[in-house]
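Visitor: Below you will find the structure I want to go over with you.
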Amino acid sequence: MQPLQHVGPVCALKVFSNKWLFSGEGPSLKIYDYVTGKKLFERIIFQRNKIHGIEYIDSNANGNDDSNVKIAVWGGRSLSIFTLAQLKDLNFELPHQGVGDWILHCMFEDQNTLHILNSHNIVHTISTENEKPQLLLSKNCDWKSILYSGTLHKDPETGKVTVLAGTVMNGVLIWDLKSGAVQHNLTQHEGSVFSVISSPDGKHIVSCSDDRSIKVWDKETGKLLANGWGHGSRIWGLSVYNVSDVGFNVFSCSEDCTSRIWTFKYSGSDELTQDKIILGHTGRHVWSIAVDDQNKIGFTGGADGKILVTDLASEKREGYWGHKWELKDISNETGYNFIKGELIKEYVDFGYGLLAVTSEGRFMILQDYKQWLPLFEDLRFERFCLLKAFNQDPIVVVGSKHGDVLILKFNEKCELVQKNDIKFEKHFSRLGNILLNQHNDSLFALFESPNPKEHIVYSEIDRENLAFVSEKILSKPSDKIILSSVGYDSQRDYLFIGCRFATLLIYSMSDNQNEPIAIFKNFFKGDTISSIVPLNESEECTLYLTDRDGTYHLIRFSAELEYEFLQSSRIQKGFLEGIIRHANGDIIFYGFKSDSFFAWNETKQYEIMREVCGGPHRRWLFKHWTDKTSKKLKYRFVYTRASEVQIIEMGDSYAVELLATGLHGREIRDVCFVNAADGQDEKVVITGAEDTTLKIGTLKSNGEFKLHWTYREHVAGLQSIHPINNEYIISSSAREELFLWKISNSDGKKCMALHGLLPPSEENPDLRIMDFDTIEIVNGKREIVGFLLVSAYSNSAIKIFQYTYSTKKFTLLIDDSYMKCCIFHAKFLSLNGKLYILIGSTNGHITLYDVHTIIEERYVTIGGEVCEKVRLLEKMSIEEPKLMSLGKWTINQQMHQSSIKALEIIQVTPDKITLLTGGDDNALIVSRLQCVEGSELVTVDIESFNPSAASSTITTIKAVDQNTVLVGAVDQSLRLWDIRSDLKIVEENYTTVADTGCAEVVDFGDNTKLALVGGAGFSIFKI
Amino acid sequence: MGKTSKDKRDLYYRKAKEEGWRARSAFKLLQLNEQFDLFKDVKRVVDLCAAPGSWSQVLSREIFKDGTNEDAKIVAVDLQPMSPIDHVIELQADITHPKTLEKIMDIFDGEKADFVCSDGAPDVTGLHDLDEYIQAQLILSALQLATCILKNGGTFVAKIFRGRDIDLLYSQLGYLFEKVICAKPRASRASSLEAFIVCIGYKPREGWVPTLKPELSTEEFFQDMKIGRASLNKNLEFIDEERKVAPFIACGDLNSVDSDATYALDENFNSLSLDPIQSPTAPPYKKALELKRKGQLKITK
């Protein structure tokens, strides 16, 4: 098996020459250019160990000779030392070295000398001059207890090497490498010390521990100078940068999934100030950290396999603009004498500046977003004023309560160049809302009255003379509706109006009809449709919808306006205001989360920006665009907080935002795949994890995996995911959750929507649905109409349901239970055209139930030849089903000493099945289920048995072909076994995915088979 | 998980509270004993990493059963303090320190121990390879003391996590004991990596006298013992250590409670809801929690 791809915990990061990032992703060393975001190089360094650290020394005076760059990479007990030239030379075999103990840190004293600190506080100094390294000296400070962390630091002035050691209990030991003398034993931390480093100048020590504090110490005196409190869990890593005459910054990463920026000042406070919290990793744990001090870029690597890039000096970048104005500043600049209680009521961004209006009807301009200028005063707009600006034209529409409308046009200097004053009372008595819409280079405004009886007016505005060129009356449905968003599908000429109470109206603009052609009330569970983005280029009418409550949907309408939800999910927390389809295909959301405004990349799952603005209830605007040259998303965010107007505009960024996308933030519990409807060379892969999310992506036969969407429908950690066919899959988890998903394809991505869900049996469900299986049901015309589902529970219950696609209903047919133990596996199987279910449980037994006789009133089993799927043919004239029980089992046979953790079946012939089981007892068993000739009996016989097929629990068995299986275990072994006659190992492999729990074998045809292995990470191998 | 749902999900947790055990792990030792008859003729016992004390409770109840065995002695060692248990002598000490060994030998009047056990586990970080390494170090620390104090033929039982390098430990223990078995009591969840190593018949290499020295790390102590642990070589060669799979034995009756299963509760469950026997000790992040409670911690999610 050949490793192709690996996503997993990123345990080591190192900035190289202020241009590249070296990362340790599992056993692989990867090199990224963080300005372009390109991955430059990748190579597996160790067979068994993950990379935990990377250091280098560059002896190039000036020039770029790769053989003058020496690199040390370590992880666990493994160490490898090589030059950059050797690394790049794939014919050069990288050495595998070690010092017989866990390595915490390495430091090059010079090109030929390396110091290695191990976890028993011993430093080995070696010579790297010759091909074979040579041990020169081992040093200790007479204190050999176990360490959790430690670094070596060379003083830039004196050249003295200091060992900074973090113990498992409270202590930080600082000792001199040369003399072995302990300089300080710092004991003010509580619990294990997870990181201790020196400031680059060697004057300060920074440490963190189990007590969730960061501590800064004076290196000379050992005095504790400051504490940094803020992280919500253990802190794993630290980096010091920006050292100046007044202080320095600390960048920290933690179990709480955040990284944080802190400032320490030499004089003054005994607290580190927390400047910024960076979110963007998912699940749990940000393990690794690095800083490019010259360009002020931070890097973090998480358990989610993501490498996030943080701009540590975003406010100093070219083009950045941040400012806030108190009301009195605006009064001073404009010369307006605001009266008591006068407020800035509304503002809009017309592309060159802001137009704002006060509660007294005073209009003003924020020229170039810098300088406030008065514009005019108009009492018609006091207290209530609607202000809306077009996205791409510097044209603003103003409305009063009584229907006065102003259309204003500005030039680049923010001068008002044209103004059209329209008395707009023809259609209604009062104006309640204006929504703008711009398409095909035309400008449209939608005017709405608060009176439910009055119609909506949809007018086109001439951008030259600012007059209305056309208007269309859109009648409102009789119920109370409150408009919130608008979207236009230019291909179909449909206008979509989003309203409160999750209501969507569709008007056809090409005909003369005033009534909506479709009304969808309570379209989904939610409240206000906050944005509508139609995919104009799509063949069928398709649109994105966001709901302010935090859900989003991708919906497709047929020509008859029958709809289908292709994609539904929600953000982790917060309110959604809008959606951006970025130029690179990523979907970006923005909205509010507790006290902040955020923009979030949903495709790649990271936060782009966050501004603490006080929360959602305020005046705000978010203007975004794609930078023409860099293709990066740029934005301007303006908001009012405590009557101050604040503005933030993002400047030019030095680096990309993300280097590796990663996958799940916690252990992957199951993986399944289906064939893609289009494209032979691609499979759709769905993974589910302990982090409660499901993810969908595509896998190519070369092992390339791309993540498309993430789903947060489950509230408990995933247990099992299996496909029914290429269109439908089912996922199950604790809290008795079992969801049926329909897979489709839209906006260039594979997506899923919930099709049905199995209602839990209890109001407060606490049962885990451990496993399930399905068998398809067809009607007389051989059309698929539904499926039979068997589900197995943690309380030993076994249930069989019938699901019908047309009614989206699960009907319980059989409700029974096995014994009192937890069932781990359930499978349908067919022998001689008869249907059985097979279960495997914690008591080590496999149990076979004959369900054929129970269901034969309703179904006939068809198919069952090798390679042909068994299906159930629904019998005509079916009466209402009555609840039945399974009856006595046919077989209940102990196979393993304890839990059956892995189970696979291979149909050999219609009356013969090979059964493979793997257990907590390390055993692998091949047995045969078959019908006794001329009898109704089914027997199980053990064919071969290996009591120690792994050194730990066997968690997954997958058939590669009729004779070969892939067996994965918690000891991280991945073995291919030949199951004919005696069990024989065909191939031994090893995965760095810890907590190895699930696998899948994907057949691409042409002898290309890939193995997917999930656990604390995800690996793809070619078999 | 709230108290109720934990009670519901975990029958052992509930049973432990009802029967007065300080932790559900008591059942693990009871089931190990059922299988291996560990306490037969045992006089001197050392319980390492003993807090909160559930194994000491089991040892006390089982060894001093029926008022026999009055000259038996149980020493429980932990860095943390522990509330008293009948017939158990508590020692608040570091198990790696030579002084601790001396103190135990004093209590045993110079006699060696029949049985040494450890149910200790470090706080896990979530980084599997590091956690397994630290757990292995903890077992080595316990084993180090055990080799100094066990009589020939004595028994050593310790908690293990069956991860990627557990076969190294099996192999190395094989140099020290007649029989090494990996045992999984039914009270330990199948979904957990936890198991117990039962090492029977202590037989150190002839001529080798284990001595604890403060200047030796546990690694150095065992390198001297020649049980196949990795060592430092002059040219830093990485030598693959010997690996071996220990036989697996599941303990506890198949009809006993299944720790993975969900059980229905009695109707009168609410009135029965019990508080844990022993409250947890103060965590290192106590101050961080206090600050959070006072709203002085900026934790944004």
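Just so you know, glycine gets a Cβ as well, placed from its N, Cα and C.
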Visitor: Which single residue out of B:ASP10, B:ASP37, B:ASP71, B:ASP78 does TrEMBL record at the S-adenosyl-L-methionine site shared with B:GLY53, B:TRP55, B:ASP94, B:ASP119?
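Guide: According to TrEMBL, the candidate sharing the S-adenosyl-L-methionine site with B:GLY53, B:TRP55, B:ASP94, B:ASP119 is B:ASP78.
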Visitor: What whole-number Å value do you get for the CA-CA distance of B:ASP78 (S-adenosyl-L-methionine binding site) and B:LYS159 (active site, proton acceptor)?
Guide: 15
Visitor: If you count the other Cβ atoms within 10 Å of each Cβ, which of the binding-site residues B:ASP78, B:ASP94, B:ASP119 comes out on top?
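Guide: Counting Cβ neighbours within 10 Å, the top one is B:ASP119.
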Visitor: Taking just the CA atoms, what is the gap between B:LYS159 (active site, proton acceptor) and B:GLY53 (S-adenosyl-L-methionine binding site) in Å?
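Guide: For B:LYS159 (active site, proton acceptor) versus B:GLY53 (S-adenosyl-L-methionine binding site), the Cα atoms are 15 Å apart.
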Visitor: Taking the Cβ of B:TRP55 (S-adenosyl-L-methionine binding site) as the centre, how many other Cβ atoms fall within a 10 Å radius?
Guide: 32
Visitor: Given the S-adenosyl-L-methionine binding site residues B:GLY53, B:TRP55, B:ASP78, B:ASP94, B:ASP119 in the record, what is the largest Cα to Cα distance, rounded to whole Å?
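Guide: Comparing all Cα pairs, the maximum is 18 Å.
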Visitor: Just counting, how many other CB atoms are there within 10 A of the CB of B:LYS159 (active site, proton acceptor)?
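Guide: For B:LYS159 (active site, proton acceptor), the 10 Å Cβ neighbour count is 22.
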Visitor: Along the domain 'Ribosomal RNA methyltransferase FtsJ' (B:21-202), what average pLDDT does this model show?
Guide: 92
